[in-house]
(Lines of atoms letter the chains of each structure in order from A; the text may use other names.)
(Lines give C-alpha, C1' and ligand atoms only; values in the text may rest on other atoms or scores of the structure.)
Protein backbone atom coordinates (compact mmCIF):
# COMPACT_ATOMS: atom_id res chain seq x y z
CA UNK A 1 0.00 0.00 0.00
CA UNK A 2 1.74 3.15 -1.18
CA UNK A 3 1.58 6.41 0.73
CA UNK A 4 4.39 8.90 1.03
CA UNK A 5 3.70 10.82 4.20
CA UNK A 6 1.34 11.42 7.09
CA UNK A 7 -0.90 13.64 4.95
CA UNK A 8 -1.38 10.87 2.40
CA UNK A 9 -2.32 8.52 5.22
CA UNK A 10 -4.78 11.03 6.70
CA UNK A 11 -6.42 11.34 3.27
CA UNK A 12 -6.62 7.54 3.03
CA UNK A 13 -8.29 7.34 6.44
CA UNK A 14 -10.75 10.07 5.52
CA UNK A 15 -11.73 8.22 2.34
CA UNK A 16 -12.50 5.16 4.45
CA UNK A 17 -14.47 7.05 7.09
CA UNK A 18 -11.68 6.47 9.62
CA UNK A 19 -10.94 10.14 10.38
CA UNK A 20 -13.04 12.77 12.15
CA UNK A 21 -12.26 16.49 11.83
CA UNK A 22 -13.16 18.47 14.94
CA UNK A 23 -13.85 22.17 14.42
CA UNK A 24 -14.88 23.08 17.99
CA UNK A 25 -12.23 24.77 20.12
CA UNK A 26 -10.51 22.10 22.20
CA UNK A 27 -7.88 22.70 24.89
CA UNK A 28 -4.63 20.68 24.64
CA UNK A 29 -4.66 20.82 28.45
CA UNK A 30 -6.57 17.61 29.39
CA UNK A 31 -9.47 17.99 26.92
CA UNK A 32 -7.73 16.30 23.96
CA UNK A 33 -6.88 13.38 26.26
CA UNK A 34 -10.47 12.94 27.46
CA UNK A 35 -11.91 13.08 23.93
CA UNK A 36 -9.22 10.73 22.59
CA UNK A 37 -9.69 8.28 25.46
CA UNK A 38 -13.45 8.04 24.97
CA UNK A 39 -13.00 7.66 21.21
CA UNK A 40 -10.39 4.92 21.54
CA UNK A 41 -12.49 2.94 24.02
CA UNK A 42 -15.38 3.11 21.52
CA UNK A 43 -13.03 1.92 18.74
CA UNK A 44 -13.65 5.22 16.99
CA UNK A 45 -11.79 7.11 14.26
CA UNK A 46 -8.54 9.03 14.19
CA UNK A 47 -9.11 12.62 15.32
CA UNK A 48 -7.88 15.84 13.69
CA UNK A 49 -8.39 18.76 16.07
CA UNK A 50 -8.44 21.80 13.76
CA UNK A 51 -9.20 24.47 16.37
CA UNK A 52 -6.75 23.96 19.23
CA UNK A 53 -7.04 26.54 22.01
CA UNK A 54 -4.09 28.94 22.03
CA UNK A 55 -2.54 27.54 18.84
CA UNK A 56 -2.94 27.79 15.09
CA UNK A 57 -1.60 24.28 14.44
CA UNK A 58 -3.94 21.26 14.23
CA UNK A 59 -3.39 18.17 16.39
CA UNK A 60 -3.73 14.62 15.10
CA UNK A 61 -4.67 12.07 17.78
CA UNK A 62 -5.87 8.47 18.08
CA UNK A 63 -4.08 7.62 14.82
CA UNK A 64 -3.34 4.05 15.97
CA UNK A 65 -6.52 3.71 18.01
CA UNK A 66 -7.62 0.42 16.41
CA UNK A 67 -5.56 -2.64 15.41
CA UNK A 68 -6.85 -2.32 11.85
CA UNK A 69 -5.40 1.21 11.55
CA UNK A 70 -2.06 -0.09 12.84
CA UNK A 71 -2.20 -2.78 10.15
CA UNK A 72 -3.07 -0.15 7.54
CA UNK A 73 -0.06 1.90 8.65
CA UNK A 74 2.09 -1.20 8.08
CA UNK A 75 0.73 -1.59 4.57
CA UNK A 76 -1.73 -4.39 5.34
CA UNK A 77 -5.52 -4.53 5.06
CA UNK A 78 -6.06 -6.63 8.19
CA UNK A 79 -4.43 -7.49 11.50
CA UNK A 80 -4.10 -11.15 10.51
CA UNK A 81 -2.05 -10.09 7.47
CA UNK A 82 0.60 -8.77 9.89
CA UNK A 83 1.73 -12.39 10.24
CA UNK A 84 3.27 -11.91 6.79
CA UNK A 85 5.27 -8.95 8.13
CA UNK A 86 6.46 -11.16 10.98
CA UNK A 87 7.45 -13.90 8.52
CA UNK A 88 9.48 -11.36 6.53
CA UNK A 89 11.24 -10.19 9.71
CA UNK A 90 11.91 -13.79 10.74
CA UNK A 91 13.44 -14.44 7.31
CA UNK A 92 15.59 -11.30 7.52
CA UNK A 93 16.65 -12.04 11.09
CA UNK A 94 17.85 -15.57 10.29
CA UNK A 95 17.81 -16.19 6.52
CA UNK A 96 18.00 -19.86 5.60
CA UNK A 97 20.33 -20.95 2.78
CA UNK A 98 18.46 -22.01 -0.37
CA UNK A 99 17.76 -25.74 -0.60
CA UNK A 100 18.57 -25.83 -4.29
CA UNK A 101 18.70 -23.84 -7.50
CA UNK A 102 14.92 -23.51 -7.78
CA UNK A 103 14.67 -22.36 -4.16
CA UNK A 104 17.41 -19.79 -4.80
CA UNK A 105 15.45 -18.43 -7.77
CA UNK A 106 12.33 -18.17 -5.62
CA UNK A 107 14.21 -16.24 -2.95
CA UNK A 108 15.76 -13.76 -5.38
CA UNK A 109 12.72 -11.41 -5.57
CA UNK A 110 12.62 -11.17 -1.78
CA UNK A 111 16.33 -10.32 -1.52
CA UNK A 112 16.05 -7.91 -4.44
CA UNK A 113 13.15 -6.04 -2.84
CA UNK A 114 14.97 -5.73 0.49
CA UNK A 115 18.14 -4.47 -1.18
CA UNK A 116 16.20 -1.96 -3.28
CA UNK A 117 14.58 -0.28 -0.27
CA UNK A 118 17.56 1.66 1.08
CA UNK A 119 16.42 5.21 1.89
CA UNK A 120 16.61 7.90 -0.78
CA UNK A 121 18.29 11.16 0.20
CA UNK A 122 16.80 14.40 -1.15
CA UNK A 123 17.85 18.03 -0.72
CA UNK A 124 14.73 20.19 -1.00
CA UNK A 125 12.73 18.48 1.71
CA UNK A 126 9.19 19.49 2.69
CA UNK A 127 10.16 19.24 6.37
CA UNK A 128 12.55 22.19 5.88
CA UNK A 129 10.15 24.58 4.14
CA UNK A 130 10.16 26.82 7.24
CA UNK A 131 13.32 27.22 9.36
CA UNK A 132 13.72 28.72 12.84
CA UNK A 133 16.93 28.86 14.84
CA UNK A 134 18.50 30.58 17.82
CA UNK A 135 16.13 32.89 19.70
CA UNK A 136 13.34 32.14 17.22
CA UNK A 137 13.06 28.60 18.61
CA UNK A 138 10.04 28.44 20.92
CA UNK A 139 8.63 25.00 21.65
CA UNK A 140 5.72 26.50 23.58
CA UNK A 141 4.23 27.48 20.21
CA UNK A 142 3.66 23.79 19.49
CA UNK A 143 0.29 22.47 20.75
CA UNK A 144 2.01 19.95 23.02
CA UNK A 145 -0.57 17.91 24.89
CA UNK A 146 -0.87 18.09 28.69
CA UNK A 147 -2.42 14.69 29.23
CA UNK A 148 -3.41 14.21 32.89
CA UNK A 149 -4.16 16.49 35.88
CA UNK A 150 -1.11 15.25 37.81
CA UNK A 151 1.35 15.61 34.92
CA UNK A 152 4.15 18.03 35.69
CA UNK A 153 4.26 19.64 32.22
CA UNK A 154 3.21 19.15 28.58
CA UNK A 155 4.68 16.02 27.01
CA UNK A 156 5.90 15.22 23.48
CA UNK A 157 4.74 11.64 22.91
CA UNK A 158 5.23 10.61 19.28
CA UNK A 159 8.67 12.12 18.74
CA UNK A 160 10.80 9.90 16.48
CA UNK A 161 14.28 10.36 17.96
CA UNK A 162 17.20 9.94 15.55
CA UNK A 163 20.70 9.22 16.89
CA UNK A 164 23.94 7.66 15.71
CA UNK A 165 26.67 6.18 17.86
CA UNK A 166 30.34 6.93 17.15
CA UNK A 167 31.81 5.06 14.18
CA UNK A 168 28.37 3.68 13.24
CA UNK A 169 26.88 3.95 9.78
CA UNK A 170 23.38 2.98 10.80
CA UNK A 171 21.21 5.47 12.66
CA UNK A 172 18.89 4.46 15.46
CA UNK A 173 15.23 5.46 15.48
CA UNK A 174 13.35 5.35 18.77
CA UNK A 175 10.15 6.68 20.32
CA UNK A 176 10.94 8.35 23.65
CA UNK A 177 8.66 10.70 25.53
CA UNK A 178 10.01 14.22 26.08
CA UNK A 179 8.96 16.62 28.82
CA UNK A 180 8.74 20.29 27.90
CA UNK A 181 11.29 22.07 30.08
CA UNK A 182 11.58 25.47 28.41
CA UNK A 183 11.31 27.28 25.06
CA UNK A 184 14.29 25.31 23.71
CA UNK A 185 14.62 22.47 26.22
CA UNK A 186 13.11 18.98 26.45
CA UNK A 187 13.94 16.08 28.75
CA UNK A 188 14.86 12.94 26.81
CA UNK A 189 13.39 9.99 28.72
CA UNK A 190 15.15 6.97 27.31
CA UNK A 191 15.86 3.83 29.31
CA UNK A 192 19.49 2.75 29.55
CA UNK A 193 19.13 -0.33 27.29
CA UNK A 194 17.35 1.52 24.45
CA UNK A 195 19.19 2.31 21.22
CA UNK A 196 19.34 6.07 21.69
CA UNK A 197 20.67 5.77 25.24
CA UNK A 198 23.30 3.24 24.13
CA UNK A 199 24.40 5.57 21.31
CA UNK A 200 24.73 8.40 23.85
CA UNK A 201 26.73 6.23 26.29
CA UNK A 202 29.16 5.23 23.53
CA UNK A 203 29.47 8.86 22.43
CA UNK A 204 30.36 9.97 25.96
CA UNK A 205 33.04 7.28 26.14
CA UNK A 206 34.54 8.17 22.74
CA UNK A 207 34.04 11.96 22.92
CA UNK A 208 34.00 12.93 26.62
CA UNK A 209 32.53 16.37 27.25
CA UNK A 210 31.40 16.86 23.63
CA UNK A 211 27.81 17.57 22.66
CA UNK A 212 25.83 14.62 21.30
CA UNK A 213 23.82 15.44 18.14
CA UNK A 214 20.12 14.53 18.30
CA UNK A 215 17.18 15.15 15.99
CA UNK A 216 13.48 14.46 16.56
CA UNK A 217 10.86 14.06 13.83
CA UNK A 218 7.25 14.88 14.69
CA UNK A 219 4.53 13.74 12.31
CA UNK A 220 6.52 11.14 10.39
CA UNK A 221 4.63 8.71 8.18
CA UNK A 222 3.07 5.72 10.02
CA UNK A 223 5.39 3.12 8.47
CA UNK A 224 8.47 4.92 9.78
CA UNK A 225 6.92 5.40 13.23
CA UNK A 226 5.91 1.74 13.43
CA UNK A 227 9.29 0.63 12.10
CA UNK A 228 10.85 2.25 15.17
CA UNK A 229 8.80 0.05 17.55
CA UNK A 230 9.17 -3.22 15.60
CA UNK A 231 12.03 -5.72 16.17
CA UNK A 232 13.88 -4.92 12.96
CA UNK A 233 17.06 -7.01 12.46
CA UNK A 234 20.33 -5.14 12.99
CA UNK A 235 21.20 -5.79 9.34
CA UNK A 236 18.25 -3.65 8.19
CA UNK A 237 17.66 0.03 8.91
CA UNK A 238 14.27 1.18 10.18
CA UNK A 239 14.04 3.46 7.13
CA UNK A 240 14.52 0.49 4.78
CA UNK A 241 11.96 -1.53 6.73
CA UNK A 242 9.48 1.36 6.49
CA UNK A 243 10.03 1.34 2.72
CA UNK A 244 9.21 -2.37 2.61
CA UNK A 245 6.00 -1.74 4.56
CA UNK A 246 4.70 1.01 2.30
CA UNK A 247 6.27 -0.42 -0.87
CA UNK A 248 8.22 2.74 -1.67
CA UNK A 249 11.60 4.07 -0.61
CA UNK A 250 11.73 6.26 2.49
CA UNK A 251 12.89 9.73 1.49
CA UNK A 252 15.26 11.33 3.99
CA UNK A 253 17.14 14.59 4.20
CA UNK A 254 20.18 15.77 6.13
CA UNK A 255 19.58 18.07 9.07
CA UNK A 256 20.78 21.66 8.93
CA UNK A 257 22.90 21.53 12.09
CA UNK A 258 24.18 17.93 12.13
CA UNK A 259 24.76 14.97 9.82
CA UNK A 260 21.71 12.98 10.91
CA UNK A 261 19.13 12.06 8.31
CA UNK A 262 15.46 12.57 9.12
CA UNK A 263 12.22 11.71 7.27
CA UNK A 264 12.00 14.30 4.49
CA UNK A 265 8.20 14.44 4.61
CA UNK A 266 7.80 14.69 8.39
CA UNK A 267 5.70 17.58 9.63
CA UNK A 268 8.20 19.04 12.13
CA UNK A 269 11.89 18.45 12.87
CA UNK A 270 13.68 19.41 16.09
CA UNK A 271 17.47 19.57 15.83
CA UNK A 272 19.89 20.00 18.68
CA UNK A 273 22.18 18.27 21.13
CA UNK A 274 22.55 16.71 24.55
CA UNK A 275 25.26 18.24 26.72
CA UNK A 276 26.94 15.41 28.68
CA UNK A 277 26.12 15.83 32.35
CA UNK A 278 23.11 18.10 31.82
CA UNK A 279 20.28 16.26 33.53
CA UNK A 280 16.85 17.20 34.85
CA UNK A 281 14.12 15.62 36.96
CA UNK A 282 11.49 14.06 34.68
CA UNK A 283 7.90 13.45 35.77
CA UNK A 284 5.62 12.57 37.33
CA UNK A 285 3.46 11.54 34.37
CA UNK A 286 0.43 9.33 33.95
CA UNK A 287 1.70 6.24 32.19
CA UNK A 288 0.49 3.12 30.37
CA UNK A 289 0.20 1.33 33.71
CA UNK A 290 -2.69 3.56 34.77
CA UNK A 291 -0.59 5.24 37.48
CA UNK A 292 1.65 8.28 37.76
CA UNK A 293 5.28 7.25 37.61
CA UNK A 294 8.01 8.35 39.98
CA UNK A 295 10.41 11.20 39.25
CA UNK A 296 13.82 10.31 37.82
CA UNK A 297 16.78 12.07 36.18
CA UNK A 298 17.25 12.04 32.41
CA UNK A 299 19.38 13.99 29.87
CA UNK A 300 18.27 17.42 28.64
CA UNK A 301 17.81 17.88 24.89
CA UNK A 302 18.62 21.44 23.78
CA UNK A 303 16.86 22.41 20.55
CA UNK A 304 18.84 24.75 18.28
CA UNK A 305 16.69 24.51 15.13
CA UNK A 306 13.03 23.87 14.39
CA UNK A 307 12.09 23.19 10.78
CA UNK A 308 8.65 22.29 9.51
CA UNK A 309 6.34 22.02 6.54
CA UNK A 310 4.00 24.83 5.61
CA UNK A 311 0.86 24.49 7.76
CA UNK A 312 2.28 21.64 9.87
CA UNK A 313 0.23 19.05 11.75
CA UNK A 314 1.24 18.07 15.29
CA UNK A 315 0.88 14.33 16.00
CA UNK A 316 0.17 13.41 19.62
CA UNK A 317 -1.17 10.72 21.93
CA UNK A 318 -1.63 9.94 25.61
CA UNK A 319 -0.85 6.91 27.76
CA UNK A 320 -3.05 5.64 30.57
CA UNK A 321 -4.71 2.58 31.99
CA UNK A 322 -5.34 0.12 29.14
CA UNK A 323 -6.75 0.29 26.61
CA UNK A 324 -4.66 3.15 25.23
CA UNK A 325 -2.69 3.49 22.00
CA UNK A 326 0.34 1.49 23.26
CA UNK A 327 -2.04 -1.33 24.22
CA UNK A 328 -3.67 -1.25 20.78
CA UNK A 329 -0.23 -1.27 19.16
CA UNK A 330 0.60 -4.31 21.28
CA UNK A 331 -2.48 -6.17 20.03
CA UNK A 332 -1.52 -5.53 16.41
CA UNK A 333 2.23 -6.13 16.77
CA UNK A 334 1.40 -9.36 18.61
CA UNK A 335 0.79 -10.85 15.16
CA UNK A 336 4.24 -9.71 14.00
CA UNK A 337 5.93 -11.33 16.99
CA UNK A 338 4.42 -14.81 16.47
CA UNK A 339 6.42 -15.81 13.33
CA UNK A 340 9.59 -14.44 14.95
CA UNK A 341 9.07 -16.66 18.00
CA UNK A 342 8.06 -19.64 15.84
CA UNK A 343 11.28 -19.31 13.85
CA UNK A 344 13.23 -20.05 17.03
CA UNK A 345 10.60 -22.25 18.71
CA UNK A 346 8.53 -24.04 16.03
CA UNK A 347 6.53 -25.78 18.77
CA UNK A 348 4.79 -22.49 19.63
CA UNK A 349 1.23 -22.45 18.27
CA UNK A 350 0.07 -19.04 19.51
CA UNK A 351 1.39 -16.14 21.56
CA UNK A 352 -0.82 -13.48 23.12
CA UNK A 353 -0.16 -10.25 24.99
CA UNK A 354 -3.50 -9.33 26.63
CA UNK A 355 -3.97 -5.54 26.32
CA UNK A 356 -5.08 -5.32 29.95
CA UNK A 357 -1.58 -6.55 30.83
CA UNK A 358 -0.16 -3.12 29.94
CA UNK A 359 1.01 -4.19 26.46
CA UNK A 360 3.83 -6.53 27.45
CA UNK A 361 3.76 -7.42 31.15
CA UNK A 362 1.90 -10.72 30.75
CA UNK A 363 2.13 -13.26 27.93
CA UNK A 364 0.17 -16.43 27.22
CA UNK A 365 1.84 -19.08 25.05
CA UNK A 366 0.30 -22.25 23.62
CA UNK A 367 2.57 -24.99 22.36
CA UNK A 368 2.84 -28.57 21.11
CA UNK A 369 4.58 -30.10 24.10
CA UNK A 370 7.08 -32.84 23.23
CA UNK A 371 8.97 -33.76 26.43
CA UNK A 372 9.12 -33.12 30.19
CA UNK A 373 10.34 -29.60 31.01
CA UNK A 374 9.47 -28.34 27.53
CA UNK A 375 7.15 -25.63 28.87
CA UNK A 376 9.93 -24.18 31.02
CA UNK A 377 12.26 -24.03 28.01
CA UNK A 378 9.65 -22.04 26.09
CA UNK A 379 8.99 -19.59 28.93
CA UNK A 380 12.73 -18.94 29.27
CA UNK A 381 12.88 -18.44 25.51
CA UNK A 382 10.14 -15.82 25.60
CA UNK A 383 12.07 -13.80 28.17
CA UNK A 384 15.38 -14.00 26.32
CA UNK A 385 14.78 -14.19 22.56
CA UNK A 386 13.42 -10.71 21.78
CA UNK A 387 14.37 -7.61 23.75
CA UNK A 388 10.71 -6.53 23.57
CA UNK A 389 9.91 -9.16 26.24
CA UNK A 390 12.70 -8.54 28.71
CA UNK A 391 10.18 -6.66 30.89
CA UNK A 392 7.43 -9.32 30.64
CA UNK A 393 6.70 -10.25 34.26
CA UNK A 394 4.36 -13.22 33.79
CA UNK A 395 4.48 -16.00 31.18
CA UNK A 396 1.72 -18.63 31.15
CA UNK A 397 2.40 -21.71 28.99
CA UNK A 398 -0.49 -23.97 27.92
CA UNK A 399 -1.01 -26.90 25.57
CA UNK A 400 -2.33 -26.33 22.06
CA UNK A 401 -5.85 -27.46 23.02
CA UNK A 402 -6.17 -24.17 24.92
CA UNK A 403 -7.13 -20.88 23.25
CA UNK A 404 -4.46 -18.39 24.37
CA UNK A 405 -6.85 -15.49 23.71
CA UNK A 406 -9.74 -16.83 25.81
CA UNK A 407 -9.28 -16.25 29.55
CA UNK A 408 -11.92 -18.90 30.34
CA UNK A 409 -9.74 -21.48 28.59
CA UNK A 410 -6.49 -20.25 30.13
CA UNK A 411 -7.87 -20.13 33.68
CA UNK A 412 -9.34 -23.64 33.25
CA UNK A 413 -5.89 -24.91 32.25
CA UNK A 414 -4.20 -23.11 35.15
CA UNK A 415 -6.62 -24.44 37.75
CA UNK A 416 -6.62 -28.05 36.48
CA UNK A 417 -3.08 -28.61 35.16
CA UNK A 418 -0.97 -26.65 37.64
CA UNK A 419 0.38 -27.40 41.08
CA UNK A 420 1.48 -24.01 42.46
CA UNK A 421 4.70 -25.28 44.04
CA UNK A 422 5.77 -27.59 41.22
CA UNK A 423 4.65 -25.59 38.20
CA UNK A 424 5.53 -22.03 39.18
CA UNK A 425 9.00 -20.76 38.27
CA UNK A 426 10.27 -17.60 39.99
CA UNK A 427 13.33 -15.79 38.69
CA UNK A 428 14.74 -13.00 40.85
CA UNK A 429 16.93 -9.98 40.06
CA UNK A 430 15.88 -9.57 36.43
CA UNK A 431 15.48 -6.36 34.38
CA UNK A 432 12.12 -4.67 35.01
CA UNK A 433 10.66 -1.47 33.57
CA UNK A 434 11.60 1.29 35.99
CA UNK A 435 7.98 2.51 35.74
CA UNK A 436 6.96 -0.71 37.53
CA UNK A 437 6.74 0.59 41.10
CA UNK A 438 5.70 -2.89 42.33
CA UNK A 439 9.28 -4.15 41.96
CA UNK A 440 11.38 -3.95 45.17
CA UNK A 441 14.17 -2.02 43.43
CA UNK A 442 13.78 0.42 40.55
CA UNK A 443 14.64 -1.39 37.32
CA UNK A 444 15.21 -4.76 39.01
CA UNK A 445 12.56 -7.30 39.94
CA UNK A 446 11.32 -10.84 39.57
CA UNK A 447 9.50 -12.85 36.92
CA UNK A 448 6.97 -15.66 37.20
CA UNK A 449 6.49 -18.51 34.76
CA UNK A 450 3.43 -20.74 35.03
CA UNK A 451 3.42 -24.19 33.43
CA UNK A 452 -0.27 -24.89 32.74
CA UNK A 453 0.44 -27.80 30.39
CA UNK A 454 -0.53 -31.44 30.86
CA UNK A 455 2.23 -33.13 32.85
CA UNK A 456 4.33 -35.91 31.39
CA UNK A 457 6.01 -38.86 33.14
CA UNK A 458 8.95 -37.42 35.00
CA UNK A 459 6.95 -34.31 35.89
CA UNK A 460 4.39 -36.27 37.96
CA UNK A 461 4.01 -39.80 39.36
CA UNK A 462 0.21 -39.66 39.30
CA UNK A 463 -2.17 -40.85 36.62
CA UNK A 464 -3.06 -37.76 34.62
CA UNK A 465 -6.66 -36.78 33.90
CA UNK A 466 -8.18 -37.23 30.44
CA UNK A 467 -10.25 -34.27 29.15
CA UNK A 468 -13.95 -34.92 28.62
CA UNK A 469 -14.87 -34.78 24.92
CA UNK A 470 -18.23 -35.66 23.36
CA UNK A 471 -18.17 -38.12 20.46
CA UNK A 472 -18.34 -36.67 16.96
CA UNK A 473 -21.32 -38.86 16.05
CA UNK A 474 -23.45 -37.51 18.87
CA UNK A 475 -22.46 -33.93 18.14
CA UNK A 476 -23.40 -34.36 14.48
CA UNK A 477 -26.77 -35.91 15.43
CA UNK A 478 -27.60 -33.03 17.78
CA UNK A 479 -26.47 -30.48 15.16
CA UNK A 480 -29.06 -31.95 12.81
CA UNK A 481 -31.78 -31.81 15.49
CA UNK A 482 -30.90 -28.45 17.04
CA UNK A 483 -33.13 -26.13 15.02
CA UNK A 484 -36.03 -28.56 15.28
CA UNK A 485 -35.76 -28.66 19.08
CA UNK A 486 -36.40 -24.88 19.37
CA UNK A 487 -34.72 -24.83 22.77
CA UNK A 488 -33.51 -21.24 22.47
CA UNK A 489 -36.84 -19.93 21.21
CA UNK A 490 -38.71 -17.83 23.75
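Backbone N, Cα and C atoms are what each Cβ position is placed from, and that goes for glycine too.
As the structure is a computational prediction, the values presented were derived from the model and not from experiment.
Taken verbatim from Swiss-Prot:
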ACT_SITE  287  active site, proton donor
BINDING   172, 238  Mn(2+) binding site
BINDING   175, 176, 177, 189, 190, 191, 194, 195  prenylated FMN binding site
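Positions of Swiss-Prot features highlighted on the structure.
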residue	record	contacts (Cβ under 8 Å, 6+ apart)
172	Mn(2+) binding site	162, 163, 164, 165, 195, 196, 198, 199, 238
175	prenylated FMN binding site	158, 159, 160, 161, 225, 228, 229
176	prenylated FMN binding site	159, 161, 188, 189, 190, 194, 196
191	prenylated FMN binding site	197, 433, 434
287	active site, proton donor	293, 319, 320, 435
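Excluding 175, 176, 177, 189, 190, 191, 194, 195, which define the prenylated FMN site, the same chain contributes 161, 174, 188, 196, 197 within 8 Å (Cβ to the Cβ centroid), listed in sequence order. Here prenylated FMN is bound by 175, 176, 177, 189, 190, 191, 194, 195 per the record. The longest Cα to Cα distance in that group is 14 Å.
In the three-state DSSP assignment, the secondary structure recorded for residue 176 (prenylated FMN binding site) is coil. Fewest Cβ neighbours within 10 Å among the binding-site residues 177, 189, 194: that distinction goes to 194.
Neighbour count (other Cβ atoms within 10 Å of the Cβ, all protein chains): 21 for residue 190 (prenylated FMN binding site). For residue 238 (Mn(2+) binding site), other Cβ atoms within 10 Å of its Cβ number 26. There are 20 other CB atoms within 10 A of the CB of residue 195 (prenylated FMN binding site), with all protein chains counted.
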